[in-house]
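Asks: Sharing the record's features from TrEMBL:
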TRANSMEM  40-65  transmembrane segment
TRANSMEM  85-105  transmembrane segment
TRANSMEM  183-206  transmembrane segment
TRANSMEM  212-238  transmembrane segment
TRANSMEM  259-278  transmembrane segment
TRANSMEM  290-310  transmembrane segment
TRANSMEM  331-351  transmembrane segment
TRANSMEM  357-377  transmembrane segment
TRANSMEM  389-414  transmembrane segment
TRANSMEM  420-446  transmembrane segment
Amino acid sequence: MNDKNRPEDASREPEEPPVTFLWSGIRPNLVTFLAGRQPLIWILALVVGAVVAVAAIIFRLLIGLVQFPWLGTTGENVVTAAATVPWYLIVLVPAGGGLVVGILLHTIQPLRRTYSVADVIEASERVGRSLPFWPGISSALLTAFSLGVGASAGREGPVVHLGATLGTDISRAFRLPDASKRILLGCGVASGIAASFNAPIAGVLFAHEVVLGHYALTAFVPIVIASVVGALLSRIWFGDVAAFVIPSHQITSYWELPAFALLGVACAAVAILFHLALLGSEWIATHARLPVWIMPALGGLAVGGIGVAYPEILGVGYETTDAALKNQLSIKAMLILLVVKAAATSISLASRFGGGIFSPSLYLGAMAGGAFGLIAAEAFPELASSEGLYSLLGMGGVAASMLGAPISTTMIVFELTGGYGLSIALLLTVAISNGLSLAVLGRSYFETQLIMRGSRPIGGKRPPPPQE
């Protein structure tokens, strides 16, 4: 029989219409999307982003409110303002403020300390564990007060913890599963970083790289939403400008690449020494067995004493970091400030003042990089770029090694300075610095804190993330 006249197989099913075929593929995806309550999580991400951004703005305003009575300014120009203040105020305000911090730590903080990024990482790793709300709020208030009275520390880490606290508290209100709680915790972190640095991309990367410990598609969209909202509200309040407005830096010659690699080695050395200084000062403070309420007062007295000679170490330190980026500091000044800032930050944190390590790491990196750049210019004047460029690279190198976050730190430096054209140089410096620090220490400072608290065994690695 001719094939054309052969009857159709009666058992063959008729072809599905294209619409039915497409729907059969789309339907299970939509069911999974809705079953995971993703629309609710996206809406809550927007809420978390807005709430955390407002909290971050209030946090910065509180720092200015505390420092205004004795410095006469609410801005970043602490060094300029300190030059007009009697020397005894520079000693007495940090000491007196430290006494207030110590008494409050003793009376209202359950752990007798403020909270940090390490606490957020621990909460993210331990499924089912949440961050306590009121101790987190009081920790943020104590940190704002600490920085306002001159404690030499950073403000970004405390905002990360505040954002994570608010994110987890909102997730508790809706009784979300643990995986969704971790996502909203990451949303709070991303919004906190974005609002603090005006850096939405860095906020997304930091939340995944440091806090969640992995990249997940289910977490990406809500974290982006929160980060964008955080950056948007911050820009509405503070203006759409980079934290450091610097001149346009250009690489003089690609023959400088070996110098950028060598700068990575120098940044690793600075980060390792700073890491050890923080640990050493913490060990001394712990074994001194002093009452908690007196420790910040003694630390404030020491920081104030250093601040009389070097007011550049007071507070967050953005004004001095900005001066290094603008080629306004000598090599002698930068080397001295490198040492005294590391000492002041170590004393501040060991004595239980509230604060973080990110801004000090940027500060130390800027000093180390600027000094390195001036030395390079003396050795190879025809090839060397400005010391401001080296300061920018140093910021990324030291901060990435301290945080253990090379990708997000690189992006933070880009968004802080607008120096996207220096990507090759910055990536090289960051990679070498981070690699050498890991080779020597094996972990970031946050991971070291977790080991010292007993949250991880010595030599322990980060546990695998739970299924989203």
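Just so it is clear, glycine is given a Cβ too, placed from its N, Cα and C backbone atoms.
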Asks: Which residues of the same chain, at least 6 past either end of the transmembrane segment (389-414), have a Cβ under 8 Å from a Cβ in it?
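Replies: Distal contacts: 193, 197, 199, 201-202, 205-206, 208-210, 246, 249-251, 260, 263-264, 266-268, 270-272, 274-275, 321, 324-325, 357-358, 361-362, 364-370, 372-373, 376, 420, 422-423, 425-427, 429-434, 436-438, 443-447.
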Asks: If we call contact 3 or more Cβ pairs under 8 Å (sequence gap 6 or more), are the transmembrane segment (290-310) and the transmembrane segment (85-105) touching?
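Replies: Between the transmembrane segment (85-105) and the transmembrane segment (290-310), which are separate recorded stretches, there is contact, as judged by 3 or more close Cβ pairs.
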Asks: In terms of Cβ proximity under 8 Å, which residues at least six beyond the ends of the transmembrane segment (259-278) contact it?
Replies: 338, 342-343, 345-346, 349-350, 357, 360-361, 364-365, 368-369, 372, 376, 380, 383-384, 390, 393-394, 397-398, 401-402, 425, 428-437, 440-441, 445, 448
Asks: Could you name the stretch, out of 40-65, 85-105, 331-351, with the greatest number of CB pairs under 8 A to the transmembrane segment (357-377)?
Replies: 331-351
Asks: To the transmembrane segment (40-65), which of 85-105, 183-206, 331-351 is linked by the most Cβ pairs under 8 Å?
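Replies: Of the candidates 85-105, 183-206, 331-351, 183-206 scores highest.
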